Amino acid sequence: MKQINKFQVKSIKKGTIIDHIPIKMGIKLLSLFELNNSSQNIIIGLNLPSVLIGYKDLIKINNTFINQDQVNQLAVYTPDATVNYIEEYKVISKITPSLPDFVKNIIICPNDNCISRSELKFSKFRIISKNKLSKYLKCIYCEREFARHLMSIK
Ligand SMILES: [Zn+2]
């Protein structure tokens, strides 16, 4: 237990900590938020032991506060993630993602014939069920509905 805390508490002076990310999602979130192109100092923890969810990923972004819209996009993948804003090594606020109305450009439409795949190279879905366990999204281009767990991330 002590070991776990030591690693996780080692903090950043100012910025964002995204915690309780399901394993294998950490890397995906980096590209989702284009953090792989960021010049900021970023610390990623993969497969860390977690009391809450068994194992988790963790991302610390120095000098950057991700905005509410980005936090909400997080909810599509990681509804149980927590986002902490840090100032002077202290948590100044904690945000739990809530599902946005629309998800833009991060999920691929499962419909092979959808114009969003062939021509637009851009996707947009409306979230039609906000139940965490059974999320359904509707493509605004082909108007088909899909269960979230059947969809892949760009
Ligand atoms: Zn579509």
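Cβ coordinates come from backbone N, Cα and C, glycine included.
All TrEMBL annotations are machine predictions without curation.
Positions annotated as Zn(2+) binding site by TrEMBL: Cys109, Cys114, Cys139, Cys142. The domain 'Aspartate carbamoyltransferase regulatory subunit N-terminal' annotation in TrEMBL covers 8-96. If you look up TrEMBL, you'll see 103-148 marked as domain 'Aspartate carbamoyltransferase regulatory subunit C-terminal'.
Between the binding-site residues Cys139, Cys142, the minimum number of other C-beta atoms within 10 Å of a residue's C-beta occurs at Cys142. On its own chain, Cys114 (Zn(2+) binding site) has Cys139, Tyr141, Cys142, Arg144 as residues at least 6 apart in sequence with a Cβ closer than 8 Å to its own Cβ. Compute the center of the Cβ atoms of Cys109, Cys114, Cys139, Cys142, which mark the site for Zn(2+); besides them, the chain residues with Cβ within 8 Å of that center are Pro110, Asn111, Ile115, Ser116, Arg117, Ser123, Tyr141, Glu143, Arg144. Over the domain 'Aspartate carbamoyltransferase regulatory subunit N-terminal' (8-96) the predicted model carries a mean pLDDT of 86. Taken residue by residue with DSSP, Cys139 (Zn(2+) binding site) is part of a strand.
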